[in-house]
Structure formats: structure tokens, C-alpha cells
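Annotated in TrEMBL:
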type: TRANSMEM; residues: 12-32; note: transmembrane segment
type: TRANSMEM; residues: 336-364; note: transmembrane segment
type: TRANSMEM; residues: 371-391; note: transmembrane segment
type: TRANSMEM; residues: 397-421; note: transmembrane segment
type: TRANSMEM; residues: 442-462; note: transmembrane segment
type: TRANSMEM; residues: 474-501; note: transmembrane segment
type: TRANSMEM; residues: 557-579; note: transmembrane segment
type: TRANSMEM; residues: 922-946; note: transmembrane segment
type: TRANSMEM; residues: 953-976; note: transmembrane segment
type: TRANSMEM; residues: 988-1009; note: transmembrane segment
type: TRANSMEM; residues: 1047-1066; note: transmembrane segment
type: TRANSMEM; residues: 1078-1102; note: transmembrane segment
Amino acid sequence: MDIIKFSIENPVKTSVGVILVLLFGVIALARIPVQLVPDVDRPVVTVRTNWSGRSPEEIEKSIIIEQEQKLKSVQGLWKMTSLASLGSARITLEFNVGASPERILQEVSNKIDEVPEYPEDVDRPIIDVADTAGDNAIAYLLLQADDPDFEVATFYDYADRFLKPSLERIEGVAEIDIKGGRQHQIQVRFDPKALARRGITIAEMNSALRLDNVNASAGDMANNRQDVRFRVVGQYDSLEPLRDTIIKYDEEGSPIRVADVAKVELALEKTVHFDQCKGKTSMTIFVKRKTGSNVLDIIDRVNVVVDQMNAEGGVLRSFKNDRHGLRLRMAFDDSYYIYSAVGLVRNNLWLGGGLAVLVLLLFLRSVRSTLIIAVAIPISVVGTFVVMWFADRNLNVISLAGLSFAVGMVVDNAIVVLENIDRHLKMGSPPARAAYEGTREVWGAILASTLTTIAVFAPVLTIQDEAGQLFYDLILAVCAAVALSFVVSITVIPTAASLLLRSSAENIPSPSGVVSEEPKSRFRLSNLFGLSGIFGWLNDAWANLIYLLTFRSVSSAWLRIMLIGLTMFVSIGLSLLLMPPASYLPNGNKNFTFCRMSTPAGYSVMENYYVGQRIEQELKPFWSAKNSAEASQHGPVVDQRTGEEYTEIPALKEYFFVVARGSVFMVGISQDPDNVKPLAAVFNKSFGVIPASKGVTSQASIFGRGAGSSNAVDIEISGNDLVRLKIACTYLEKELQNAFSKFSVRSSPDNFNESGPERRLQIKQEVAKRLNISVSELANSARAMIDGTFVGDFDFEGDNIDLILLRDPAAEISPDEIEELPIAVREANGKVVMVPLGQIADFVPSEASQEIRRVEQQRAIALTVTPPNDIALEQAQQTIMDVVAQARTEGYLGSDIFVSLSGNADRLSEVRSSLMGNWDGWNWASVGSVALSRFFLALVITYLLMTALFENFLYPLVIMFTVPLATVGGFIGLWFVRQSDPSQQLDVLTMLGFVILVGVVVNNAILIVHQALNNMRGEHGAAEANSDPMPPREAIRESVRTRMRPIFMTTCTSVFGMLPLVLTPGSGSELYRGLGSIVVGGLIFSTVFTLLVIPLLFSLVLDAVAWFSRPKLGSPIAPAPSTSIAES
């Protein structure tokens, strides 16, 4: 079926097809989810195991090491990190991108079940599986009260029961996490002396409570046609039965009840962290989305639900709580940045499309011709939405940037087709025939260019890491748009041309073959700005220059070789000179500044709270300021990482901090979303009031997990000797702070796991045996005396809360007085005696680790370096490795201590190796790595595809010479952007620009070579007089002359279509600005030099083929007529 002919003969059917594409495109656009960046799915499994009251060393030895031995063999495991802290163990397993979460969960569960045994009172491990796509919260809600004396943390149970379910029911919400609250619990507060006087041991009291607090099935019994179930009900559901519980009977036979020796109260759990916002206590609620859901829709729905909660009759306006003035409000969400970023790229898309159409108008000087080509833009772009919808992708900054890049490219095929149709019209062909012949003549060339553009992306799609998933959306958008533009160019364009363009008698060639003036039309802009004459002169002059340079002689051949060689040498040399160090991913300009401050080891939660309050007061001038002008009065501030001074300081729209054991976490939101960077300097300046603490401030990355930076480098220092690890890390931290700044280096665990004060209870064996008390019973008794011990669940108003047995905290005592507390113990003869706790165990002062971190089954400490935005990740890596080498030279790092760069450093190495290969000198490993790189495979695929289309292995090599020309142009374009914005790096998204160039820049060379071959075969015109085969020299000149105009048109439309992406800064532009500069620079540079290098190189190839094909002198076979350049 001849689709070109069918489309021209059936314009109504073609029009219906276009309408259907546009209709379904609009429907798809309304249904595609919108978010900031594509989903990046790296499955992460967390295994949490609680062992109440146990030290990190005990948890490491008894739990983590045992679990690690089983988990290390899980298939697809990328990294295993473990953390032992007081009372809990956590193992984090990161898997390769694309691994099945269901399979991983099942395999991890099976491996955990293989652990031989745990200590008796260890809780069952909890396994959670998540993906990094939904790991970051999309919104932060703050719950505060108008009453300054009301502690919002006491509201946790109500929030968990009523607020959390309402938010979790919102469509698209995956998880609601509440921080900063204190749960209620039932506390049985005993008096140790009262227990001892009555001869009751703590173990007996604990046992009485546990045994009575039970609901159990007693079985069932048949009764006629029914089964009657029997159930023993004893679980506490009110305080009175608990108070009335009989512990034992005294010697007189009277019952001793709980109320006789203890108070039973509904109380709040021990404070483990604080939340505070602008001087008032608060609770923070994190909203996390489901993967693939529409972020903007979710935030809109959350705002609606929050308004309903705050309204009269809402859950926060109940009589019980209304007196405190509780309010829930949105402190931060991603919607503003998404709207700004998507709006910017959408505007760039419109502007680029408009510029491309304007360029067409300047070249074509015809409104009709311009409109015919311009229809390719909406059809291709809107049709791409249908492809994305069926591919189950979302609309984000990267996919929209891909469409913006494609705007200038989608008209390329239409330009080539219409320009050739216009040439046939000028030669006197009727419109229908001109449309058919003009399209048929070039459809092979545009098919080749389309396939090469699409085929180069095939190797990139095989990259399976995070960057590969980011590439996918951009590649899908570009490929879909370009493929649709090919279909449009061979169906819609010839159909529209046959209906709208006209030829006249004046267009028929004269006997001399000269075509008269162009057809008169009120839609044609004759000689607009004189461009017609200028371009015509340039066209002829350049073609004649090529004709002169391709004259076959020894001097001409050497001149051509020298020109080509010089161009290639300069291109490669400039590429190596201008190539900047690489980075992983851009940070973006998200309005979210955070700081994690590490306080001295052993600081209590309350002391950390005082630290947070002091910093809050230092920052009060900024969070109480009404605008930037008022805030700037407290400046200027200097960023100590970069030395940059800020005089215009934004006011803090929101400021809150969260306090936990060992650290204070602070968050600031700027009133001006476009002026965020000064906040890091403001935070760092405030830390001066806490000289003993260390803080690292960063602006959250749009790609970082949690609040991490996408340019941060993780340094893993591992070994079995924890003391030597601390010494090594102390040295490395000091040197790295000198290399970067003290605000750029953070350790994990905090403070290198410096030990905090500990009292170890060492049981006196002889006394314990005489008193018949075991180590386990002593531990439970001591836990009840100090921190409280868990007894069971209590049914409180339909919810289960903890039932805790603990010493009455009303009688305050110091740690030194604990050993004087009396406890009752039962001797072997059954007699109950009262002895001080210190008589059973020695209280030995000591120090204990706060946390123990392990990486790949070895103890480890991590240093995280967050360099300034203008320092590339690769440059930071080199600085770090220099510091590590110096540490080894000076003996701080022995052979038993291992140092490795992980996190973003690992990912950059993986992506760079996948894209470009690893070159480490001339060896087989380097050659193999480069040969398997995606860039090299893209070159090979492009070459083989052109070989198949040209049916020749030699001509595609000529075309491939455009790639080095484009490469140097790409680096020149990136260099110009970096002059205005030093933070623009050669990140992995920018690297993709070189792959795009491979498929784009060959198109111009294809047009020249394809047309030259057509000319040599006599397929260069519709008129009989112009259908004779041309000699090669004349064929090349004519191909340059006839294809120079469409080449400049396609290049200019592509460049001007992408130019707004490069020149317009704003939210999200960091994602595509570097990529755009490479494509624009590569197109401009390669186009100019392609018109020189490709004709010269092609002429040399034809000369060489003719020379090698010529029979030797004296051959009996007469040579056939030659078509070499020599005979032209």
C-alpha cells in the first residue's frame, strides 16, 4: 500500500485521523499524573528488631550479626547497612533497580526465618519494603495550638485515631507519619519500699498482671444445630479491675491488691523527642504518596481535608479540644515548585514552538507553507501524550523537557518534504503530482534520519539504575514525537500541500531549463527582509566553493585531506580541553533548607531541646520578619562553604525543629521561593551559640532521598577495631573540613559514636545464688525500677495501649541513689527478704556506644561530604581521595581499615561507565569497557542502520564524521552556560545530550549524501530534461546547493525551538538546561562544518573508490565509462 498516494487521494480520511489523534491526546493529557520528576524505583527493605533496654553491643552480637549471616546471600542485594542502637536493631537492604518487591520481601522473610534463635525477650522482626519513588514526603503538616501552655505532644493519640485515618483515606496517599507526639499508656507506679515491706517481688507483681490480663479461647461445643464458642475474658478495659488485681495473699490470708502498693494512672510515655515551630510546641505530620499518583491532585485533596478538620464541626473543633485552639496547617508542599517548574517548561514549549514557526516563515516567505509545516508540531506533541498515557508514564519536568527538545525536531521531516514539494512545483508539476513525487523522493532520507534519531536511544534504555529511569521519560517523549512527525510528514504534509499550494504557468521551465519567478500569492511574503537574495547568493557561493575544492588533482586531494584532518584535530582537542568534571544529578532549587546538628555525646533529650530553643531564638529575627527587606536588616551573611556574601536575605515563612537523642533537626522555608540559598548561611551563622556542636546545612535536592543532596559523597570507613576507626575518622573529618568547610562534613553515627556515660550492673554471683535471683530477674527488676517494663496491652476506649510497670516517678532520685532502693527477693527456702539493689549487683561506672553502624558485615563510620553546588561531584571525589591517600601515608589508615566512596559516587561511576565506558589506558579491559558503552553502541547502531538503508558500508562512515564535530559544539555550548551559571555541571542528564546528538546531527549529512547519490543515479528531478545521471563532482555540488536551504531550516528550527530551555532560568531548569546547551551547541557547530567536511570527505571516498576500481594498465578488458570525479 502506497501510504503517500492514499493520503493525497483521501484528504477527508487523513483529516479524521488527525482529529482523532488530537482528541485522544487531550483526553490523555487530562488523565496523565503530574509530578516533579519521574519515579525512580530502587527497592529498599528494612528489617527492624526490638530488644527492650539492651545496649548496642548486645544487639549487634545477638541479633544483627546473626541476621546478616543469612541476609548477605539474598539475590539482587546491592548494599547492606546495619545500625544497632539502644533497644533496637535495623538492617537496611538496598536492591538493584527493577528488582521485584514481592520476590524480595518473600526471600528476605525466608532468610530471617532461618536465623536459629533469638534471646527470649526479643520481639519478632518487622520487615518493611518500600521504593525510593515514594520515600520523600510531598507535604509537611504542622499541628499547633493557640494556647501557648498546651503541650501539643499530648494530643498524639487523638491525632492518631482521628486525623491520621482521615488523611490516609485520601486518594493517592500511601502513608501518614506523625512525629513529635507522646502516646498514652497505663502506668502501674509502685513504691519499692511498700513492695519490700509486704514481701512482694517485682517479678511476682509483673506475673500477676500478665496472667490476669488475658483473653483466651476455651474452645467450642455443639448445641443442636449450632456451635457454641467459649472464651475466657480477663483483659483489662478499665482502671478499676487493674487496681483490684490480687498480687498475693499475706500471712493472715488477706489479699494484697495492686492498689495497696501502687498507683494506677493514665499517663504519657517518656519524652523521646520534641517538635517546636516558632516558639510553640507542635506535631509534624508527613504525607507520602503512592508511586504513580498525581502529586498536585493529592496536595489539593489534602488541603480540602485540612480545611474540613479546622472548620466548625470538624474533628479539631470538638468541645473537648476547642478550648486550646488547635489548628492543622500546611507548612510545606511540593506543589509550588511543581507548578513553577512545569509552568516554565510549558512556556518554553510554547515559546520554542513559536520561534520555530517564525524561523519557518523567514525561510519560506509563505504563510501557507509555514502553516502546513507548523501543523506537525501540535499533532506530534499532542499525539505524544497518547503514547505516554498508554506507556503508564507521568507528566513531569523531564518528559516535558523532552517534548520541548522535540519541538524543533518534529518539523525537520516536514521541512524536507515540503521543500522538495516546493521544488517540484517550481519545475512545473501539478500540485498533486508535486506532493507525491516530492514526498516519495525524500521519504527514504527522512526515514533514515528518523530511525537514527530513535535507534541511538535503544542502548540507553538498557541502563537499569536510577539515572536510566530518569532517561526513560525524556527518551520516550523525544522518540514518540519524532516517530509521529515522520508519519505526519508522509501523510498530512503532502495532503495539505496538494490542497493549499498552487503552481502557475510561470513556473514551467523554459527551453533553457530556467524557471521563472515564484507564483504570485497574497499568502507569500516576497523577499522578506532581503533574505531570499542573501540566502540564494550564499547557496550558490558555497556550492561553487565545494565544486572547486573537489577538483581531482594531487594538490586538491591533499588540500581536502588537510582541511578534514585539521577540523577533526581541532574538534577532538577542544573537546578534551573543554570537558568539565562530571556530577551525578542536579540539586534543583527546592524551597526546603534543612540542618542536622550533632550534639555532644551523652546529651539528654531535654538538653538537646534547650539547644534547639537557643538556635530558634538566634533565628527569630528571620522567622518573625514580615518580608525580605526586614530580614535583610540582620545581614549580610557569608556562606562559609563558598565565601559568597548575601545582602538580600529572605524571611523565613516557616521554621521548626525536631529534637531526638543525639541530634537536632531544623527546617526552614523561605518566603521567597526564588531566593533560598542564603538560608544555609543564616543557619550556619546561628550555630555559633553552640560551640560544642557540629551542624551541616543543605538545600534539599529534588532527587535526594529524604532531605539528602544529590551531589553528596558518602565515605564508608570500615574495620573491626572501633577505636582505630574513630582515630582515622577524626583525622579525615578535620582534613575534609579544611578542604571544603566545617559545615560540609557530617558523620554517621553522630560524633563518631563517641561513648556516653553508662552504669553497668554486674551481679554478685554468691549473693544472687543465696537469694535465688537470676540475671534475667535482676534485669527485669532493674528495668522496672529505672525505665519501666512492658507488661502487656490495655484496652483503652477500643484501642490497645501499653501497660507499663515502673517505679513511681513522683519520688525523684538521682542515678547514684538507684543502688540504695530496696527490692524484695525470695530466698531458696521461700522466705521473702528485703535487700538494697546495690547488695545484689555492683554498679560499675563505664562508657557505652550510643550507636554501632555496620556496612557489609563490618563496623563502619560514614562521613558525608556535601560540596557547594559549583563543585562537581567528580572534583569532590578527587579531593577526598587525595585526603585519604594522605591519611594512609601518615599512618592513620592501616591495612585493616577500608575506605570506599558510596552513594552518589557509586551511582555516578555506574552511569558514566554505562554511558561512556571506563578508560584506564590502552588495555583490553578499557577497550572492552568503551566498546560496550551505550554511547559507542549508539554509534554502531546508527552506522549499521544507515548501512542497511544505503546498501553500502562505506558511505555511512562519511556521515559518522559529523559526530566529533557535534561533540566539540556540545562542549562549547555547555561552556557558555557555565560562564553565566557556574553551578551548571556535566551531570548524567547533561551527558545524555551527546547521545541525542548522535542521532540528530547525522541527519544533515544524510541529506547531502542521499541527494548526491540520487543525482548520480538521475533521480534528482521530475522533468525529463533534468533526469540524466550527474557526474559525482556535479552531483555533490548540486546536493549541497539544493539541500543547504532545508539543512539551515531544520537546524534553525531545532535550535530556536530548544533555545528557551537554555536561556530561561527558573524552577526545574537545572534538569534540562545543560542538556539543551549541548544539543544546541552541537547542532550549530556541526551544521556549519558538515557543509564543508562531508562534501569534501565524500568526494575523497568517491575518488578512492574510482581509483581502486580502475583496471590496471595493459588489461585486456576495456574499462566501462567511469563516473568518477576526475571525469567530471
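Glycine is no exception: its Cβ is also placed from the backbone N, Cα and C atoms.
Curation does not apply to TrEMBL; its annotations are automatic.
Between the transmembrane segment (988-1009) and the transmembrane segment (397-421), the number of CB pairs under 8 angstroms, six or more residues apart, is three or more, so the stretches are in contact. For the transmembrane segment (397-421), the most Cβ-contacting stretch among 442-462, 953-976, 1078-1102 is 442-462 (pairs under 8 Å).
Distant neighbours of the transmembrane segment (336-364): 34-36, 295-296, 370, 373-374, 377, 381, 395-397, 400-401, 403-404, 407-408, 411, 415, 418, 422, 525, 528-529, 531, 535, 588-591, 673, 702, 1045, 1048-1049, 1052-1054, 1056-1061, 1064, 1066-1069, 1071-1072; these residues of the same chain sit at least 6 beyond its ends, with a Cβ under 8 Å from one of its Cβ atoms. Across 474-501, 557-579, 922-946, 1078-1102, the stretch most heavily in contact with the transmembrane segment (371-391), judged by Cβ pairs under 8 Å, is 474-501. Within the chain, the transmembrane segment (12-32) has long-range Cβ neighbours (under 8 A, six or more residues past its boundaries) at 375, 378-379, 382-386, 388-389, 393-395, 484, 491-492, 495.
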